[in-house]
Amino acid sequence: MTAPSPPARRSLLGLAAGGMAALSLPGCALPVREPAVPRGSASAATVLGLPNERFFPMEAAGQAALQREFIAAVQRRLVARGLPPTAPMPDLDLLGISGGGENGAFGAGLLNGWTERGDRPEFFLVTGISTGALSAPFAFLGSAWDEPLRRVYTEITLADVIVQRRITAAIWNDGMADNTPLFRTISRYIDEAMLAELARAHAGGRLLLIGTSNLDAQMPVIWNIGAIAGSGHPKALETIRRILLASSAIPGAFSPVLFDVTLDGKPFQELHVDGGAFAQVFLYPASVSRLRRERIAQRKPVAPARAWVIRNGRLDPEWASVDRRTMGIAGRAVASMITAAGYQDVWRIYYASERDGVDYNLAFIGRDFTVEYDKPFDQAYMRPLYDYGRQRALAGDAWVRRPPI
């Protein structure tokens, strides 16, 4: 999962970086896969055969398709409220939940405390990356799902996430840890009942989008979870579970997720990993808000819109004494790049909100949270962090209108 706390980064990234020491060891056969989708054809391949199952935001056609999906969702939302599709756009609340590993307990507590406070909105859009992808379905479905969200982040242990492999996995496997336990955990919560609720919310004009990274194409992919849930496809539930698993798969540390796809009737496979390889958090591509910007430029009224960004991590640098060893230096450098990317993402969304006339709100873990981290997915750390997020929401001081400098 993307960008956990610094000690966690050292531990989890060490699974990937530490395995490099095994490169000189003899071993056995490498994992195999089906052929990758040919160069330049990624956006034409399909998993379930649905025209709007996913989007490729680095391509103009993908951005145009995503814009159409937003427009269609707004029209469904109007119809669900008994209004004609040509009626003025309703108020929009947009929620982006970042990666952060076990730091996702902060966002879970924040959401549940927000419910208790009584002013949590129904979100038109929810997006998630990595641990944010795991909490996004619960946030999307609303307060009725607060209790299972709490359980995910206050009862999960490392054994519910991974099984560590031997160091030779650096050569002879696809990750230093097997994340099959995480898939079982996801499957326990993402069930047929949730699938039906996701489909119902999508039909009512709301969007749940999850990001992964297609390693073959070297492109981010945005998956339309509600559309998949409402498709009636027999593999819809399994596909959604695998998307959430892929969005949480730290490259090298956890096993990636292979998706069987078809292109021109021929079978291929795609290799997907943590969406944080491209972004720690996202809301929407610039093309989606083009019509809104045009109305603002013409001094025409636009519907009120609010962006809510949950950064499951800190925004201030965290000091650490780095050992003078190759793996320690490499791990710290990668962790620093992840931290910088997360900082840049919250600023990117801030400037996009300013441009688009969207009210910006950001929540993150502050310096006042002082519980020491000991080991990955340790409830002695995650439960106090959940309570911290909950209390911040109840106090009404969780949100800032601009990222700190």
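Cβ coordinates come from backbone N, Cα and C, glycine included.
Heads up, TrEMBL stuff is auto-annotated, nobody curated it.
Checking the ranges 128-132, 238-242, 298-302 against TrEMBL, the motif 'GXSXG' annotation falls on 128-132.
Record note: among 81-86, 99-104, 99-104 is the stretch given as motif 'GXGXXG' by TrEMBL. Compared over the active-site residues Ser130, Asp274, the count of CB atoms lying within 10 A of a residue's CB peaks at Ser130. Secondary structure at Asp274 (active site, proton acceptor), as computed by DSSP, is strand.
Residue pair Asp274 (active site, proton acceptor) / Ser130 (active site, nucleophile) shows a Cα separation of 6 Å.
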